[in-house]
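Record features (TrEMBL):
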- 66-83: transmembrane segment (TRANSMEM)
- 109-127: transmembrane segment (TRANSMEM)
- 147-163: transmembrane segment (TRANSMEM)
- 169-187: transmembrane segment (TRANSMEM)
- 256-274: transmembrane segment (TRANSMEM)
- 294-314: transmembrane segment (TRANSMEM)
- 378-396: transmembrane segment (TRANSMEM)
- 402-421: transmembrane segment (TRANSMEM)
- 428-446: transmembrane segment (TRANSMEM)
Amino acid sequence: MRKRFSSVCSSSSTEEDSASLYDTVPISAADPPDEQEHPYASLLCCHRVQDSLLSSNSSFTGYRGILNWIIILLVLTHAHLFLENFIQHGYLIDVKKVLEHLIEDNCNWPSVNLILAANMFAVTALLLERSQEKGVLSPVNARRLHLTNLGFLLLFPAAVIVHEPTISTGGAFFSLWFYTVLGMKLYSYQEANRWYRQARLPDAETDNNVSVAQRVHNEHLTLRGLYYFLLAPTLCYQRDFPRTPKVRVNKLLHRLLEMVIVVQIMVAIVQQWIEPIFQRSEYSFSTMDITMRVEHLVGLAAPAHFLWLLFFFLSHSYLNFCAELLRFGDRHFYGDWWNATTLIAFWKNWSIPCQRWCHRHVYTRLVENNVPPSQAELLVFLMSAALCECMIALPLHSCRLWIFFMMVAELLVAVFLGNHFEGNYGNGLVWLCLLLGPPLAVTTYFHDHYISSPHHHHHHHPSSSSPLTSDRRLPGSVFLKPH
């Protein structure tokens, strides 16, 4: 009897487990039917060869509960910041403060005027496309004028930010981000329309309905169509975007509430942790007492939290809010970058709109001009690194190349260490680079900006006040009410 049940157990364990731990588990010989169908076999044979669910060999993928657990831990760890700021300072998002910071005074609105002036570049692109459709401009001249328009679009905000002393740091950041996105959209707009026209040319010789196709194309060259594309959460233009049947109000309110909460947490992090870092910048670490040292080290981790919350706000909450409001159907804004085992895989998945634009309008064009694919990828990466550097350096009026060198260092890590770290080790290396690289580079930029600012020198009184109790403010932290 004992032999009979052991045979049944051995048979059931190997038959049920398709991906066993060991390939050498013996498979029992064919037992008589009465032994395999014994009524007590299911009770006595309770073990079989199988992996733990969280082991690397397991094929288990149901991690939704763990994700909920991480989200709850993240909320709880930041709840004390939210409550402390709400009790001490009330609701921190003051619309009046934001408007005052953007306007600066009653007669000079540099950031607002800069954003409003962007409409002339968009309308110019539309007029050039209409003129080309009517035959007023040749394709060569129209492309030259498009590139000239895009050149002025890029130089105009840079010139205003550099030469306008009244523009704020926050307003400069937002304006430059706005113009960068607009430039990428308008470049895609003119190039996609050129592709549509080229697709009609072969039909002109054989098809008599070319005028119909041209009329259909002209119907898309409207002010409404252009501004829908400019407001849509995408960088790549096409004639007909996928649309959802209706706006789901519950989803819209959910995203709106999500954005309010995330902004509140980011402001709390800035006030509670990031500002004291710069306020203690005149003190060396060796001269701090133990309390100041602990708070300084904790504050160094705060920029990482702030950047990840900002990334979540922009890539998930804000883009999904815009997509729901405009009924934009393609909401694949990011891939599973958190599972990336190499930095290259992360760069391809962290922002699908940016990656799609770079592949469609830069990488593909370079390859078509006989540039080797590896060199084309390198040029696209260096262009992205230079753009990120300008987005940080220009509003701070300081070019230290920290962002550019950080991204180049990550590229070297990906090239020389990527093959040596695979699987979980590769994913750990990716997370290590992400948690150390960008926060350190951005913090260094803002630290240098704060040290060199007149605001810092005006309030530099280390003998009269403690850096923890001083009432200084980090330049650019404009959403905080005064104590």
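Heads up, the Cβ atoms here are built off N, Cα and C, so glycines get one too.
Any TrEMBL annotation is an automated prediction that lacks curation.
Contact between the transmembrane segment (378-396) and the transmembrane segment (109-127) is absent: fewer than three CB pairs lie under 8 Å, with pairs separated by 6 or more positions in sequence.
Sequence-distant contacts of the transmembrane segment (147-163), counting only residues of its own chain at least 6 positions beyond either end whose CB sits under 8 Å from a CB of the stretch, comprise 110, 114, 117-118, 121, 124-125, 128, 172, 175-176, 179, 182-183, 186-187, 394-395, 397. With a cut-off of 8 Å between Cβ atoms, the residues of this chain six or more beyond the transmembrane segment (428-446) that come close are 277-278, 300, 303-304, 307, 340-343, 345-346, 392-393, 396, 398, 400, 402-403, 405-407, 409-410, 413, 417, 421, 474, 476.
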